[in-house]
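What Swiss-Prot records for this protein:
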- Ala2: N-acetylalanine (MOD_RES)
- Arg22: citrulline (MOD_RES)
- Lys38: N6-acetyllysine (MOD_RES)
- Lys45: N6-acetyllysine (MOD_RES)
- Lys58: N6-acetyllysine (MOD_RES)
- Cys60: S-palmitoyl cysteine (LIPID)
- Ser67: phosphoserine (MOD_RES)
- Arg69: omega-N-methylarginine (MOD_RES)
- Ser110: phosphoserine (MOD_RES)
Amino acid sequence: MADIQTERAYQKQPTIFQNKKRVLLGETGKEKLPRYYKNIGLGFKTPKEAIEGTYIDKKCPFTGNVSIRGRILSGVVTKMKMQRTIVIRRDYLHYIRKYNRFEKRHKNMSVHLSPCFRDVHIGDIVTVGECRPLSKTVRFNVLKVTKAAGTKKQFQKF
């Protein structure tokens, strides 16, 4: 528990009461605090790290105060330079009526990445769900990570 206290404010889950009276029971070593987590539904499993981990993230869909509603999208991870936020790229085709053909287009999205997803790298495919606005540019949360299969450069349509 001491390793997560790196911020100036005390890090704790707001739904867990930590000040249980231990005078009558006697101090029996360091007990592990209970952890709040939830099943977000929609067929997504709660990661093992969210249940057993010690991180505190109020914007996590599994352990925080964020509900997933609205759109479910997928994209490819392109940048990981922010703290707990990644940039994903969504490719799509746009029809040009004059030439009766399609052109490639893409959009970049900033997405909140919970600490329960540890092994995420550039090129992985992530499934994201819409939530309330978490910051100026972040409106989606990572729900599932799929490892990149091959290193073949190609246009991927989601």
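Placement of Cβ uses the backbone N, Cα and C atoms for every residue, glycine included.
Where Swiss-Prot records a feature, it is marked here on the structure.
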residue : record                 : contacts (Cβ under 8 Å, 6+ apart)
Lys38   : N6-acetyllysine        : Thr46, Phe62, Thr63
Lys45   : N6-acetyllysine        : none
Lys58   : N6-acetyllysine        : Pro14, Gly64, Asn65, Val66
Cys60   : S-palmitoyl cysteine   : Ala50, Val66, His112, Ser114, Pro115, Cys116, Asn141
Ser67   : phosphoserine          : Ile40, Pro61, Cys131, Arg132
Arg69   : omega-N-methylarginine : Gly129, Glu130, Cys131
Ser110  : phosphoserine          : Met82, Thr85, Ile86, Val87, Ser135, Thr137, Val138, Phe140
